[in-house]
Amino acid sequence: MESKRELILAFESSCDETSVAVIEDGTKILSNIIATQINSHKRFGGVVPEVASRHHVEYVTRCTEDAMKAANVTYDDLTAVAVTYGPGLVGSLLIGVTAAKTIAYAHHLPLIPVNHMAGHIYAARYVKPLEYPLLALLVSGGHTELVYMKAAGEFEIIGDTRDDAAGEAYDKIGRVLGIPYPAGKEVDRLAHLGHDTFNFPRAMIHEDNDDFSFSGLKSAFINTVHHADQIGEKLSREDLAASFQAAVIDVLVTKTIRVAKRLGIKQLVVAGGVAANQGLRERLAQVVKDEHLDLDVVFPPLRLCGDNGAMVGAAAHIELQKKHFAGLDLNADPSLEFAYAATYQP
Amino acid sequence: MNILAMDTSNRALSVAVLSDDRILAEKTTDVNKNHSTTLLPAIDQILKDSHLTSDQIDRFVVAQGPGSYTGLRIGVTTAKTFAFTLHKELVGVSSLASLAGNIRHTNALLVPLFDARRDNVFTGVYQRDDHGQLTNVVSDKHVPVAALIAQLKMLNEDIIFIGTDVAHFAERFRAAFGQQAHFADDEANLPHASELGLLGAQKEAVKDIHAFIPHYLRRTQAENDWLKTHSDKGHQPYVEEV
């Protein structure tokens, strides 16, 4: 008899995307419906949590229906239901958690709780199998972390930002340049048209730890622009963007490569919204080539760098093997974090 | 027809199972707990007590608002997901109507209310007609307490105030209405999903389950501020599948 396919229905609603996916064996995306609220939050210059929660209620069953139809599966075919339960905005998380629990209960399916950040890392599984020990650079609007994975489904933070996340810094300097939220893509585009002429600070780049800091860079950027405004000088937006991006990438790449070498890592996964940044992708590839490093750098496909259900399904595949299930009392955990490594010293 | 009714619109949680007009099971709690952790376990328990499974429910009834935004979303998302995934009927009932329904055998004005902070309330005015049917006299809305008092003065009838939040305003109601002001007892101040289910049994089922959302009765602060300087017309869809 043919063995049954493992099919996971996966929910993601931690911020401003409602997404539902159907994933086969943790490696094959049968459907990955993503409803984005960007046009709504653009009005306010950033995500408004109450507005985000309201949109999720409008879209969660619609996305589920579309995901099931696109995958051409029935509830009887499913193996499990998975959902992001943190970190994120609590009101947003609750919609995915509530819908996922209800579907799991109604169809007598096991429920798999997934850490959103694990999802971002496992988005790379759609490129190739992951090899452990593995290092992940997680860069998004809320996180900038170096995560060490000894084995599948095991995560330890070995480096973290002391203040702003890298993606947050992009949004804040984007606002100064008059770029609508979210600013990352446009700053990246402008950076490719300019040159690093402002020499912004590379915070902590030579310090003997694996942490990051971006608030000093953000302040230096804002001060430079304000000072020019006051004396009536017009600065090149392209050069400003290029200088900012060069500073961010210098720090991210230098520290990440240093850790990879020290730990003898063979595979580096770059994940999270900022993993879509072309400048970061190009620089990492260049460094690996120039230094002849035996390091396989894996970036998830662009569509899977932002929040999506497919990444949740890939992470859930590992949790399913470990039989990590949740009960009907599963709650959202907005401040869920990986544990810090025993050796980590802030 | 088997009905599962749920109300998570405020601090209290109430769930009930009905078979036609017969109440099979009801569970109501009024402890400060997260409805996210308690709703489905409570539903599971009363379904088991009723010897039913969720796919034997024909109609899901939910308190649609007003109330706590997060609470409403948990109830509405649970009910609409059940109805959608099991291909069953969905009905929304006013959380205020459900409270008003707790009071029977009177033709006084029934005024359920929830404290909406800053001296505002979510409220509506209800009354039983000659056949005992609950009717809506003033539709549910978000109003300053003073405006509610002014409106009720014009109606000039006996009033029964209902809800656990009424205590915050009881002195003002007594001062304004004297002998005409009456107050529901503790039992009637709590929502009862059995009453919600009975009201929901009489309504037509929702046509578009996907579009079913809570009746918040208030726009968000961010949207109100934005609308002062912008138009809501002719925009790109706020949410779109990509």
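For all residues, glycine too, the Cβ spot is worked out from N, Cα and C.
TrEMBL annotations: computationally assigned, not manually curated.
Annotated substrate binding in TrEMBL involves A:L138, A:V139, A:S140, A:G141, A:G142, A:G184, A:D188, A:N277 plus, out of the candidates A:D171, A:D290, the residue A:D171. Among A:D296, A:D307, only A:D307 appears in TrEMBL as part of the Fe cation site alongside A:H116, A:H120.
Within its own chain, A:H120 (Fe cation binding site) has A:L138, A:S140, A:A271, A:G272, A:A275, A:P300, A:M311 as residues 6 or more apart in sequence whose C-beta sits under 8 angstroms from its own. Here the C-alpha separation of A:H116 (Fe cation binding site) and A:N277 (substrate binding site) works out to 20 Å. In this structure the C-alpha atoms belonging to A:G142 (substrate binding site) and A:D307 (Fe cation binding site) are separated by 12 Å. Non-local neighbourhood of A:N277 (substrate binding site): A:G184, A:D188, A:Q245, A:I249, each in the same chain, at least six residues away, with C-beta under 8 Å from its C-beta. Residues belonging to the domain 'Gcp-like' (A:28-313) score a mean pLDDT of 96 in the model. Within 10 Å of the C-beta of A:G142 (substrate binding site) we count 20 further C-beta atoms, all protein chains included. In sequence order, A:E12, A:S14, A:C15, A:D16, A:E17, A:S19, A:I34, A:H116, A:G273 make up the list of same-chain residues 6 or more apart from A:D307 (Fe cation binding site) whose Cβ falls under 8 Å from its Cβ.
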